[in-house]
Amino acid sequence: MELATTNIDHLGLVAGMCDEIGLVEQVDKACGDQDPNKNLTFGQCVKCMIMNGLGFIGRTLYLYSEYFEDKPLEHLIGADVSPEQVDNNVLGRTLDKLFSLGVTDLFSAISLQAIKTLGIKISSLHLDSTSFHVDGDYNSDLEQDDHRIKITKGYSRDHIPFMNENFTCC
């Protein structure tokens, strides 16, 4: 008899919450089908990235396979997937697809579904903003669209008016 051990840590809770709010299905509905010869859907890739991001490790894309080596992927993802199939190519295609669609509407839909599913009552919303400086030369006039970050000269908390800044609001 051969025994194998796997390590699930807290990822069972993370995967369960993703399943509860229908994250994979919502991403797959928005993104469409991955190439037929691929083993993971776009939604399953997003679920893998969330589990990695909440795994207190934060592995880069090319190390995801290594991160999932001792994890029971068939239970966490819900498909017969090996760690080698969760590679930087399939994850990169997923990020490219999400970028081309724009993530704001998808994030809003997933957030609203989570609120409905969990029965969260909303009485107020919070809006916050911050800015941070960036170094380097940026030609912000090239290929401007709604999905690109625009680096501009802006209000400087350090009173350095020539500093490039990015203003973020959430």
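Backbone N, Cα and C define each Cβ position, glycine as well.
The DSSP breakdown of the domain 'DUF4277' (5-111), given as helix, strand and coil counts, is 68 helix, 0 strand, 39 coil. Feature annotation from TrEMBL assigns domain 'DUF4277' to 5-111.
Confidence for the domain 'DUF4277' (5-111), expressed as mean pLDDT, is 86.
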